[in-house]
Amino acid sequence: MTRLFGTDGVRGLANEVLTAPLALKLGAAAAHVLTAEKRVDGRRPVAIVGRDPRVSGEMLAAALSAGMASQGVDVIRVGVIPTPAVAFLTDDYGADMGVMISASHNPMPDNGIKFFSAGGHKLPDHVEDEIERVMDSLPAEGPTGHGVGRVIEEATDAQDRYLEHLKEAVPTSLEGIKIVVDAANGAASVVAPTAYEAAGATVIAIHNKPDSYNINMDCGSTHIDQVQAAVLKHGADLGLAHDGDADRCLAVDKDGNLVDGDQIMALLAIAMKENGELRKNTLVGTVMSNLGLKIAMDEAGITLRTTKVGDRYVLEDLNAGGFSLGGEQSGHIVLPDHGTTGDGTLTGLSIMARMAETGKSLGELAQAMTVLPQVLINVPVSDKSTIVSHPSVVAAIAEAEAELGATGRVLLRASGTEELFRVMVEAGDKEQARRIAGRLAAVVAEV
C-alpha cells in the first residue's frame, strides 16, 4: 500500500486525491492519535487550524475541523496565515495539535495537510504511520452531547500574536533598508509586508493580493525573476520571495542576483558564530546543499552536518543535537530559538538585521560562500523505488563520479511529493555539470 504521508504531510490534487471525505477521516484519526493522552480531568483537547488562500482550503478546513470535533477536540480556526504561524500558535495557545492546509509552492489546484503536535512540532514518521493505521479502524460513533468538540471560527488575535513574536525574535531596526517582497499571492500576503514595515523597512509588496486562484501563479519563490525585475525597477536594497505558505524565503541582492538558501545559511551561520549564538559551531543542511557551502563552512571553522531533504529532517537533527541553525537550499531556514519550523518572514527579518548590523549590502554578505555550478533535472518516473539500484543507473553514477573526481559530486534521489526522480550534478564547470546531468537523466528515463 502506498504511504499517504510524503515528506511534508499529505498532498495532492484537491477534490480528486485530497478529497473532503479523506480530510474528514484524517482529521478524526489525527485527533485520536495526537490527543489520546491529553484527555484527563475532563479537559477537552484543542487544535489550531490555518490555511493558505487557495480555493479548496475552506472546503478542506471544514472537513478537517468536523473530523477533529467528532473526536471531542475543540478547533480554533485562525484563517489565512503562514505555516510557521500555525506552528507558533499551536504552542502559544497551549493547543494539543495544529494543522496547516497548504500545498506550499505547488499550483493552485493542489492542496495539502500537515500536522503539528503540541509545542508546534512536525510529526515523526512513526506518528504519521499510526494516523494512517487508525484511519479506517475508528468506530463510526464518537463522543456525544457535551463530549462533541466545538469549532471556533477565525480567532481574531492570531495574526497579531504571530507578528509580536516576529518583533521579539528580531528586534533590530531596519530603518533605511528598502525591500521588495513577493508574497506569491499566498499566506504571507499580509503578514510579511506588515512585519517588515513594523521593523522600519521601506516595503514594496508585489503579488500580495490573493483571490483564491492566483497563489504561486508566475510569482513567489518558484518565479524569482519577478522579484529580480522589481528590485531593479525600484532601486531596492534587496528582494525577498516567499512560497505559498511562507515557510521559505529566497533573496535577491540590489543587482538582481539570486541569494539562495545555502548562501543565506552561510551568512547567518557566520553572523551567529560571531555573536556566540551558533551552538556547537554547527550548521545543519541537507544532501542537496551546494558543495560550496561545505567549503565555506570549513574555512569559517563551522561544522556542516547534512540530512535527507525535507525541513522536518533538518529539524530532527537540530533538536537531537541541540544546534541553532539549519535549512535547505530551497530557502527553508530554521532558527530553533525562535520557531519549530522553517519561517520565511523570520528569515527575511534575520537577513536584513545582518545588513543593518554590519552596514554591508546583501551582495557583500552573500560572498561568504562561492556557489559551485549545480544542475538539477527532474525526471518523471512511474516507479521511484527501483531507480537508484538499477544496474544501468549504478554504472552511470560510477562513470560520472570517476569523471568528476574531487571537484564535484552526483546525487540522485526520489521526490517526496511528486512522481519525479531528481538528478543533481555539481562541478567546477557549468557545462560539465550540464553534460553529466543530462547523461544521467537519460539513463534514469529509460529505466
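Placed from the backbone N, Cα and C atoms, the Cβ positions cover glycine too.
Ser104 is the residue from Ser104, Ser389, Ser392, Ser415 that Swiss-Prot records in the Mg(2+) site together with Asp243, Asp245, Asp247. Surrounding the centroid of the Cβ atoms of Ser104, Asp243, Asp245, Asp247, where the record places Mg(2+), the chain contributes additional residues within 8 Å, namely Asp52, Pro82, Thr83, Ser102, His105, Gly186, Ala187, His242, Gly244, Ala246, Arg248, Gly344. All protein chains considered, the CB of Asp245 (Mg(2+) binding site) has 35 other CB atoms within 10 Å.
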